[in-house]
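Student: Submitted below is the structure of interest, expressed as structure tokens.
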Amino acid sequence: MESEDDGVLRCRAPPRRTPSPDLASDGSSNGECNPGQHRGNGGEHITSNGKIEVEQVISKKLQLKRKAEFLKTDLMHQLGSQVNDFMDSLIEESAILEPAPVPAVFSPPLSDKERGKLRNFRPPHGEGKHFVSRRSLLDELLEVNHIRTIYHMFIALLILLILSTLVVDFIDEGRPVLHFDLLVYAFGQFPLVLCTWICMFLSVLLVPYSLFHLWVQTQCGSSSHPGLCSLLFGSVFLLYQAVGVGFLPTYVVVTNSLPPASCFIIILEQVRLMMKAHSFVRENVPRVLTWAEEKTNPRPEFPQVSQYIYFLFAPTLIYRDKYPRNPVIRWSYVATKFLQVLGCMFYVYYVFVRLCIPQFRSISLQLFDRRAMVLCVFNSILPGVLILFLGFFSFLHCWLNAFGEMLQFADRMFYKDWWNSTSFANYYRTWNVVVHNWLYYYVYRDFLWLSRKRFRPVAMLFVFTLSAVVHEYILAICFGFFYPVLFCLFMCFGSKRQPKLSRLKLIIFCDAFNVFNHPALVLIFIFHPLKVMFNFILHDQRKGPIWNIIMWTSLFLGQGVIICLYSQEWYARHYCPLKEPSLLELLKPRSWSCQRGQTEDSEL
């Protein structure tokens, strides 16, 4: 009801109801108002006597709040749908890259027809690793100031090592001495190394490609017995891998007694070229066999020589006809990476000169008892960790990125965030992605295909054993002695399924040499229960920081054991040469029998 009092027009109060997001924002309300209503400053509805219509203001605020909530809900819904689509695509890619084999216990029995199809099945070409354009993880992390400061700390430590060496030489000699005898010795006979590498590279360039080309011609109809020709060419290829790339470079290294760094260049290149040749044949043979069965095209796709040469230099062990490429080459980036490799080389030199050689030279002239063994391990942790970091940074980051940049190779995922691992299984998968991919696609998956996906634990054991044997082969050839420290630590004590069998294998191994009283074996027996415990409790489901700390602690300790035992054996071989060597004495570590009184003071 409207009434007039002192010329003031009063409006009826609007009914209380929740405003809708679709309401207009022009200040109109659902209540009825006489024409005498006025609008004050700021757009507020006021009466003629200056009273604020509070309900109109509250209604507008609720209206705006409802609009904001509506927009927020819509935005979150759209964002959630996009995230779900992205995660679904990732799950689909992971299912393609890493299909989970069905355990044999739960596998239904196969019919004869299904067994025949499975027997004739070959892994289709192209269902392997997918290369995408991405940067290395450290290149992204070093753009952060906090991470770059850690890099600066390592540079400062290198400066201090150089200064300490100069100061000590100045005190001892009366003048600063800048000699690099260790580097000159380690990279000795470099012309022979270069000639050997050129021969290896040319043979890998010509022989596998020529053999594959001839084999393709037999599959295209020029031979009446393609199966027999495949067996013949396969045998010739395996013989070439064993003799041409395997035996001959090793023979050159052993007969010429090449120093350690020169040995590492030849042997590592030997292993790399063998893996490259295998990948080239393994990736292209299924394409030709598929064409021979279907014959959809006049001739099968044959890789060009330029593609094969590019693959031999590319920082990957998985062959593809094409890789994602960057548009330009940053030569300043290449120069920086090679300078960092050179800096890491001098870093390792000063680590050995200041932290390793003085310690092991004095230890080798003393009786090596249990106390000396424990002190040696813990004193070797710091140089071992520094060498681990420098090896990772110089090769997996700087060297591979430099070649990737020169070749415009866009996929730079040579490693993952292995430093965040909470288990050794994840550490092995992320430390060296280049080698891990080769082992996964050409050893693990092919083993599952040959065994019809029924022996997954055996496939994992085979991959691990192959990797351990190759690592021991490299160390034995380059150091000139057989001392299976890595093999014992990760094979004898790394089994979490059969810890009793691991101890039994060690007892048999020790009884063969009658060395139960050696301090190295006592130390290993002490760490055996701890390592078995780590294998039980450290796995990928552990995500807390404590598990990362445990992993780092055991990794540091393992580096100390490796540096201590290998360095001790190196000096024992130098100080206690064998007069009448036998096969048993050559296999038996010399540090187990080299005692004080048999050694003579000599330089490295």
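Every residue, even glycine, has its Cβ placed from backbone N, Cα and C.
Feature table excerpt (TrEMBL):
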| type | residues | note |
| --- | --- | --- |
| ACT_SITE | HIS471 | active site |
| REGION | 1-48 | region 'Disordered' |
| TRANSMEM | 150-171 | transmembrane segment |
| TRANSMEM | 191-216 | transmembrane segment |
| TRANSMEM | 228-252 | transmembrane segment |
| TRANSMEM | 331-352 | transmembrane segment |
| TRANSMEM | 372-396 | transmembrane segment |
| TRANSMEM | 473-494 | transmembrane segment |
| TRANSMEM | 506-526 | transmembrane segment |
| TRANSMEM | 546-566 | transmembrane segment |
Student: Same-chain Cβ contacts of the transmembrane segment (372-396) under 8 Å, 6 or more residues past its ends?
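Tutor: Sequence-distant neighbours of the transmembrane segment (372-396): 138, 154, 340-341, 344-345, 347-348, 351-352, 355-356, 359-360, 363, 366, 414-415, 431-432, 434, 519-520, 522-523, 555-557, 559-564, 567-568.
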Student: Quickly jot the same-chain residues contacting the transmembrane segment (331-352) by Cβ under 8 Å, restricted to those at least six beyond its ends, or write none.
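Tutor: Result: 154, 158, 161-162, 165, 180, 182-183, 383, 386-387, 390-391, 393-395, 398-399, 401-402, 405-406.
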Student: Residues sitting near the transmembrane segment (191-216): Cβ under 8 Å, six or more positions beyond its termini, same chain?
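Tutor: Answer is 229-230, 233, 236-237, 240, 244-245, 249, 252, 256, 258, 262, 265-266, 269-270, 273, 276-277, 280-281, 284-285, 288, 300, 302, 305, 308-309, 312.
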Student: Taking the Cβ of HIS471 (active site) as reference, which residues of that chain separated by at least 6 in sequence fall under 8 Å from it?
Tutor: LEU486, PHE487
Student: Six or more residues out from either end of the transmembrane segment (228-252), which same-chain residues have a Cβ under 8 Å from its Cβ atoms?
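Tutor: For the transmembrane segment (228-252), the nonlocal Cβ contacts are 192, 196, 200, 203-204, 207-208, 211, 214-215, 218-219, 258, 266-267, 270, 273-274, 277-278, 281, 477.
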